[in-house]
Amino acid sequence: MSTTTPTESGGLAPVRTDSLAELLVAKERPPRPSAWSASMTFGWRAVLKIKHVPEQLFDVTAFPIMMVLMYTYLFGGALAGSPKEYIQFLLPGILVMSVVMITMYTGVSVNTDIEKGVFDRFRSLPIWRPSTMVGYLLGDALRYTIASVVMLTVGMILGYRADGGVAGVLAGIALLVLFSFAFSWIWTMFGLMLRTEKSVMGVSMMVIFPLTFLSNVFVDPRTMPGWLQAFVNNSPVTHLASAVRGLMAGDWPAGEVAWTLGWSALFVLVFGPVTMRLYNRK
Amino acid sequence: MSTQTSGLAIETAGLVKTFGETRAVDGVDLAVPTGTVYGVLGPNGAGKTTTVKMLATLLRPDGGEAHVFGHDIVREADEVRGRVSLTGQYASVDEDLTGAENLVLLARLLGHRKPAARTRAAQLLEAFGLTEAAGKQVKHYSGGMRRRIDIAASILNTPDLLFLDEPTTGLDPRSRNQVWDIVRAVVAQGTTVLLTTQYLDEADQLASRIAVIDRGKVIAEGTKGELKASVGAGSVHLRLRDPEQRPIAADLLRRALDAQVQTDPDPVALTARLAAAASHDTAAEHAARALNELARAGITVDNFSLGQPSLDEVFLALTGHDTQQPRPGRDDSHDPKDEVAA
Ligand SMILES: Nc1ncnc2c1ncn2[C@@H]1O[C@H](COP(=O)(O)OP(=O)(O)OP(=O)(O)O)[C@@H](O)[C@H]1O
Ligand SMILES: [Mg+2]
C-alpha cells in the first residue's frame with residue numbers, strides 16, 4: 001500500500017508507507033538511558049549547536065582577548081610598574097573574571113531556548129529530568145575551556161609565565177571550569193524564572209559586576225577600606241582567583257581550593273533544585 | 001479513581017486547566033479506545049493544545065483526573081512518558097540541528113546505543129523521503145518537511161499512544177495527504193493516535209470517533225456518522241451564468257434537495273445546505289439530482305462544488321454560535337471543498 005505519487009512538489013521525495021510500516025513493527029524499547037548518558041547526550045546537543053552556529057564562540061574568544069589586552073595595558077604601568085610585571089599577577093585573575101562573566105550568557109540562552117517546541121519533547125521523555133540542564137552546562141564548560149585556553153595563549157604572548165608548569169595550569173583551568181559549571185546554576189535559575197531575555201541580561205549584570213569587580217582580581221584587598229575588605233575576602237570569586245593564581249604559580253593553596261569547592265557545592269545544592277522546580281513547572 | 005481501563009488508551013474525568021482568568025480546559029471527559037484514531041475537533045483557542053499537553057504530562061491539571069493506559073498522568077507521569085509520544089503544534093525538533101542529528105539525539109535519549117540510533121534515524125529518514133535533506137538544518141526545511149521530521153521524531157520508538165496536535169495546519173493538500181498516509185500507517189501497526197484538528201474533513205478522513213470541543217468543553221462526541229447526522233451532510237455551492245435565473249434556481253433546489261438555500265452577496269452564487277442525512281443518499285447523490293433538475297429547467301451552471309460541512313457549520317449546528325470568538329485566533333477556519341467539474 002505504498003502511496004508513491006510520481007510527481008512530487010518541490011522535489012520532496014514521497015513518504016514510503018510500506019517501509020514505514022516495517023519500521024513500526026519493531027515494538028521493543030531499549031532500557032532508559034542512565035542519568036550520565038542522558039546528560040552527555042544533551043552535552044552533545046550543545047556541541048552540535050556550536051558547530052552549526054559558530055558565532056556563539058565570539059564571547060569566549062574576542063571578549064577574553066579584549067579583556068587581557070585592555071587591563072594589562074590600562075593598569076599595568078600604574079599598578080605594577082610595567083605591563084610585563086603586572087600580567088604575572090593579573091592573568092590568572094582576569095582569566096577567572098572573564099570566564100565567570102561569560103557564564104552569564106547561560107541564562108540568556110536558556111531563556112530563549114526553553115521557549116522552543118523541542119523542550120516540550122524533551123520534557124515528555126522518560127529521562128532523568130535534570131539531564132537537560134546538566135547537558136547545557138556541560139556544553140558551556142567546553143566554552144569556558146576554550147576561553148581559558150585563548151586567554152592563556154594571549155597572556156603567554158604578552159609575557160606571562162606559569163611557574164606551576166603544565167600541571168599547575170591544567171589544575172587551575174579545571175578548578176575554574178568546575179566552579180563556573182556550579183555557578184551557572186544561578187543563571188539557569190534566572191533564565192527560567194524571568195520572562196524576557198532583556199530582564200535576564202539586566203539581572204545578570206547586577207549580579208556579575210559587583211561579584212567580579214569586588215574581588216582580589218585587580219588589586220590586593222589590603223588597599224581597600226575595612227568594610228569592603230570584609231566582603232572581598234569572603235567573596236567566592238576571591239577564593240577562586242587566589243586558588244587559580246596559586247595553582248598556576250606552582251603552590252598548592254589547599255585552603256583556597258577547599259573554599260572554592262565548598263562554594264561550588266553550595267551553588268549546585270541551592271540553585272540546582274530551584275532550577276529544576278522552575279523547569280518542571282514551565 | 002478507576003485504573004481499570006480495559007480497552008481505553010485515555011480516560012479523563014472533569015479535566016480542568018486554568019490560566020489566570022481563562023478556563024482553557026473546563027471539565028473535559030474523554031474515553032479513547034485503544035488502537036484507533038481519535039479526533040479532537042475545535043477552533044482556535046478551544047483548548048486542544050492544553051488538553052494534549054496535560055495528557056502528555058507537560059502541564060499539570062488544575063482539576064479532574066486522567067489516566068493513560070491506566071496510569072495516572074500526575075502520579076505516574078514517568079510510566080506515561082514511557083508509552084506516549086508527542087508531536088506538538090509548533091515544531092518540536094531543534095531547528096539549529098540537521099534532521100539526522102535531531103533523530104539521533106532523540107534516539108540516544110530513548111536509550112539506543114549510538115550505532116542503533118544512527119541506523120534507526122537513517123531508516124526513518126528514508127521512509128519519510130528525507131534522506132536528501134538529512135544533512136540540512138531543520139530551519140531550512142519547508143513546512144511539509146518539518147512536519148515529517150517532527151512525526152519521525154515521535155516514532156523513533158513505536159509509541160503505544162501518539163499525540164498529533166494539528167499535524168496538517170498550514171500544509172498544502174499534497175503534504176496533508178502524505179501526513180494522513182503516515183497516520184494511517186502508524187495506526188495500522190496498533191498505535192493509538194489522538195489527533196487534534198480544526199478541519200472536519202481531516203477528522204472525517206482519519207478518526208473513528210470525534211470529540212468536538214469549544215471553549216474548553218466537549219460539546220459533542222461520537223462516531224463520525226453520529227456527528228454528521230447531527231450536523232448535516234454539507235453544502236452545494238453554485239454559480240449561475242444568468243443572475244436573473246437565481247430565484248428560480250433557488251426555488252428548485254429548495255424543493256429538490258429539501259435544503260436551506262442561501263443567496264450569497266455575489267448575484268450569481270447560491271449555497272444550499274443539505275439537511276441531516278435523514279435519507280441514506282450521499283451528498284453527492286443529492287447534488288447530482290439537483291444538477292439534473294437545473295439542467296431540465298434550462299438553467300446554466302458555470303461552476304459547482306460540493307463542500308463538506310465546515311467547522312463553522314458544525315459549530316452553528318451544535319452550539320448555535322459560530323467559531324468567531326472574542327478570543328484572538330490565528331486564522332479563519334477554512335472550508336475544504338471537493339471540487340466537482342460542472
Ligand atoms: N500558557 C498559557 N498562558 C495563558 N493562557 C494560555 C496559555 N496556553 C493557552 N492559553 C489560553 O487557553 C486557551 C486555550 O488554548 P489552547 O492553546 O489550548 O487552544 P487550541 O485549541 O490549541 O487553539 P489553536 O487551534 O489556536 O492551537 C486560549 O484562550 C489561550 O489563550
Ligand atoms: Mg493548539
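Backbone N, Cα and C define each Cβ position, glycine as well.
What TrEMBL records for A:55-282 is domain 'ABC transmembrane type-2'.
Long-range Cβ contacts of the transmembrane segment (A:57-80) within its own chain (Cβ-Cβ under 8 Å, at least 6 residues beyond either end) map to 50, 86-87, 89-91, 94-95, 97-99, 101-102, 105, 143-144, 146-147, 150-151, 154-155, 158, 218-219. Residues annotated as transmembrane segment in TrEMBL: A:57-80 (among others).
Sequence annotations record features per position, and here TrEMBL assigns transmembrane segment to A:86-108 (among others).
Within its own chain, the transmembrane segment (A:141-160) has Cβ neighbours under 8 Å at 43, 46-47, 50, 57, 60-61, 63-65, 67-69, 72, 83-84, 87-88, 91, 94-95, 98-99, 102-103, 169, 173, 176-177, 180-181, counting only residues six or more beyond its boundaries. Here TrEMBL flags A:141-160 (among others) as transmembrane segment.
Look at TrEMBL and you will find A:166-187 (among others) tagged as transmembrane segment.
Residues annotated as transmembrane segment in TrEMBL: A:199-219 (among others). Outside the transmembrane segment (A:199-219), and at least 6 residues removed from its termini, the chain residues within Cβ reach (under 8 Å) are 71, 75, 79, 90, 93-94, 96-97, 100-101, 104, 107-108, 111, 186-187, 190-191, 228, 231-232, 235-238, 241-242.
TrEMBL lists A:257-279 (among others) with the feature transmembrane segment.
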